[in-house]
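Record features, source TrEMBL:
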REGION    1-22  region 'Disordered'
TRANSMEM  49-71  transmembrane segment
TRANSMEM  91-111  transmembrane segment
TRANSMEM  123-142  transmembrane segment
TRANSMEM  148-169  transmembrane segment
TRANSMEM  190-212  transmembrane segment
TRANSMEM  218-236  transmembrane segment
TRANSMEM  274-295  transmembrane segment
TRANSMEM  307-326  transmembrane segment
TRANSMEM  338-360  transmembrane segment
TRANSMEM  406-429  transmembrane segment
TRANSMEM  441-463  transmembrane segment
Amino acid sequence: MMEEREDSETKPLHQDAGGSHVRRINPKKGILEMMLRPIRWLRMLSEELHWSFVLGVVIVYGISQGFGVGLSRVSTQYYMKDEQKVQPSQAQVLIGIIHFPWIVKPLWGLLTDIVPILGYRRRPYFIFAGFLGVISMLILSLHKNLHLGFALLSLVAGSAGIAIADVAIDACVTQHAISHTYLAGDMQSLCGMSSSIGALLGFSLSGFFVHLVGAKGVFGLLAIPASLVVLVGILLRESQVRNFAYRRVKEKIVDASKAMWTTLKCRDVWRSCLYMYLSLALGLHIHEGMFYWYTDAKEGPSFSQEVVGSIFSVGAVGSLFGVLLYQNFLKNHPFRDILFWAQLLHGVSGLLDLVLVLRINLKLGMPDYFFVVVDETVSRMIGRIKWMPFLVLSSKLCPSGIEGTFFALIMSIDHIGLLSSAWSGGLVLHMLNVTRTQFDNLWIAIVIRSLLRLIPIGFLFLIPRSDPNLSILPSEMLRTKRGNDVLEPENIEMATLVNSI
């Protein structure tokens, strides 16, 4: 038998009890492989989809949405509670209004798909979205004693800036999902991982910054992620649409509307959209009530800003872990199977808040902070596992030619579900008389929420039972259109700064 050399990766062959030869794997090699796997995965995506697409996703999802939203969530809650002095039910409704620009995402999608500015479909919208975010955040930061109405308007404008940039990058994702169907799950995993890692950093620093510079000071810092969106618009290289007939814009909007309506009439499309709405709307968002209870000195554990930020940061770790679980173990399973278990666990995990509010955890000898961290981690992980199939399914429901618009339409339906959940949660908190200082009936709201989360399981028949790696729409809806005024996937890439000068 030929001798094998011992190298840095393996140890020599040895015989086991049965006399067969076994190669010992160097533990260092296994650890190295584990560390290199994400890098190789990113390299694979860069080679298949172009490195510029990966970079664009990281900037928009990771920095603008993940890190920026991580900072803004905590600062907005403290701003409403301490600066504007609103009640939990009012804050619940106001938070829903702030997310209104996400409901009208089809409008942004129509503009980016149909109406080029100076011959470009994406670059001007990134620039506009970035400047809108910078201006709105600076107003909130620098203006003293800003009226609630104007503060709300500025927060809505900042949210609109993030939503417009999100639509532009979503169009790129859906176009690649059509041309690279087998990578649809990987692309959504990239989006989810970028968002989760960014949110982890944002939440980790949010409490510290709120304590250091106040909620208004954090708004000033949020102008930085918005400015990076402007940079994306400057560096984006795309083919210029020449001799565009702006007189045909109305006609194109009508055609796009007809195409969306035709797609919505597809059985698998409207049934999937209906289920996604029901699943989100029946979630009953009561987070503002829980936040006021967290920070209350008498009834609750009286968490400080730093502690609240650390809780959300650990929750972001749970969200990231959910993405990793989906990417490595769940992405090839049918949508219906994943959503059944995710929805069931989503309802059961909500009861952890009940244990906390009734102070059962203290009777069991579990400190508040430890229990809240476990609660947040589990809830965010399950929520992300539940959300990932929605994103993959949504990307597969988009017809060619209006990818950005239709994906925005589906996401707007989801946000209508979230808005319904927020406003119904605010109504429940108001009816149960949960205020800034009164939390006696908060446990009832938690029980109602947990029961409502289980109802969507009965509507799982609306989700198609198909291979998640295959197309769902008919082939004629996936044909790529050609022409001067249609943006093709291969034309979207980030240019270097040198090439842009």
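Heads up, the Cβ atoms here are built off N, Cα and C, so glycines get one too.
Taking every recorded stretch in 49-71, 274-295, 307-326 and counting its Cβ pairs under 8 Å to the transmembrane segment (406-429), the highest total belongs to 274-295. Fewer than three CB pairs closer than 8 A are found between the transmembrane segment (190-212) and the transmembrane segment (441-463), and contact between the two stretches is not assigned (pairs 6 or more residues apart). Of the candidate ranges 91-111, 218-236, 274-295, 307-326, 441-463, 218-236 has the most C-beta pairs within less than 8 angstroms of the transmembrane segment (49-71). Where the transmembrane segment (274-295) meets the stretches 91-111, 307-326, 338-360, the count of C-beta pairs under 8 angstroms peaks at 91-111.
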